[in-house]
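K.L.:
Structure provided below as structure tokens; questions to follow.
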Amino acid sequence: MLQDIMNTKKIKLHDCHFGSPLCDPSPAPHLLSSAAAAGLSFHPGLVSSAAQHQQHGAGGWLHEEYYAPRSSPPSSLLAQTCVGSNATAFYAAENLPQFDFPALGTAAAAAAKAPFRSSESELYRPVDPLLLRADHSVRTYYVRPQKRDSGERTPLPPPSQQQHQDRIHGLFAGAPTTRLLSGEPKIHLFPPQVAAKPILPAMDAPSLQNQMENQLTRNCIGAATPVTPTGNLAGSGAPSKTRIRWTQDLHERFVDCVNQLGGADKATPKGILKLMNSDGLTIYHIKSHLQKYRIAKYMPASSEGKQLEKRATGNDMQNLDPKTGMQITEALRVQLDVQRRLHEQLEIQRNLQLRIEEQGKRLQKMFEDQLKASRSVMEPQELDDVVAFAAGDGDDDAFDDVDVQLLAVAGSGYDDAGFQSKIS
């Protein structure tokens, strides 16, 4: 039973929860007496803590602002959170009149039907810092039951304080974006006695809160700035380039304007734009189209043919299988070898032809020199031959006469010798 009572007084508080109620661990005196009458017993440490609280007073405890619930949660939900006890025992031990427990009396049931309002003085509850754990993830606090009259209607907090409370609730109610973008400062409300004392470790989470707020601010700012198609921010004022399609009619007008201005070399984008006078065209469109027009006009046809041939050859090579490709490579290698040998033979023939020509020139020169030498030798000999021939004509006549006479003498002498010829 003691374990059940202790379990009902434990509340787990996480660092990220800012507005959880923190209460004084000292139980109310009338609860101690009522619990003793009912047969319940409290832990000695809890009773000593209550006595210490009565001696020192409530001014020495740290406080944290919280908001009392206006509507009671379902009894089944709270009963499930209390380990080892039912809902009736939990409500009776804590003296919470906003929940129904008719088994303990009709006065508490009547108080549960009345609307619950927390006064300004009840917004702060003392907490014993010595009972806080060193662990920053989960902390356990001992809650003191609240003492109030069943039929008393407490006044609502002042409007200004209610506005501050609603504003702080808005910080953690899922709408931090509007507050951060509007530039509203962060507000933390604490009672005056908290300012002079060290803050609880559970409340020392503004650093985590600031990180979350900064991240939300960056996300909101990044989502609120649209980006243009050119990559510039919408508020930068940079002109966005629109794309147009150059139809045949538009291109013909462009060519006419270029010809009027003296050709593609002399035409300027500004002059073409002025002559065309077409809606939607800008100087950037004219510059780009004029550059393409110049490139297409002055590109050599041979280079285009070579490019087309190379592309066709590349496509054909891609369509061939590896075996055929190897055969073609081998044939090309053989052809290169033949061409190399032909080139070597042509070079040898050329060198031989040059040598033959040089030798012919030398022979021609030798013949000319020989003719000159022979002419110089033959001229005096010819003169001698002419003189000798002229002198030899007279001698021949004398020799002829002598020969005739000798023949005559010989003939007569033969006849006289008695050798007569026999003629039949």
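Placed from the backbone N, Cα and C atoms, the Cβ positions cover glycine too.
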K.L.:
In Swiss-Prot, which of 35-60, 61-86, 269-294, 373-398 is labelled DNA-binding region?
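P.N.:
Checked against Swiss-Prot: DNA-binding region maps to 269-294.
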K.L.:
For the record in Swiss-Prot, which of the ranges 180-185, 246-251, 336-341, 342-347 is the motif 'LHEQLE' one?
P.N.:
342-347
K.L.:
Please count the residues of the domain 'HTH myb-type' (238-298) that DSSP assigns to helix (H, G, I), strand (E, B) and coil.
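P.N.:
When I sort the residues of the domain 'HTH myb-type' (238-298) into the three classes, I find 37 helix, 0 strand, 24 coil.
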K.L.:
Summarise the model's confidence over the domain 'HTH myb-type' (238-298) as a mean pLDDT value.
P.N.:
85
K.L.:
Do any residues of this chain, six or more beyond the ends of the DNA-binding region (269-294), have a C-beta under 8 angstroms from a C-beta of it, and if so which?
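P.N.:
Counting only partners 6 or more residues beyond its ends, the DNA-binding region (269-294) has Cβ contacts under 8 Å with 241-242, 244, 246, 250-251, 253-255, 257-258, 260-261.
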K.L.:
May I have the DSSP-based helix, strand and coil counts for the residues of the motif 'LHEQLE' (342-347)?
P.N.:
6 helix, 0 strand, 0 coil
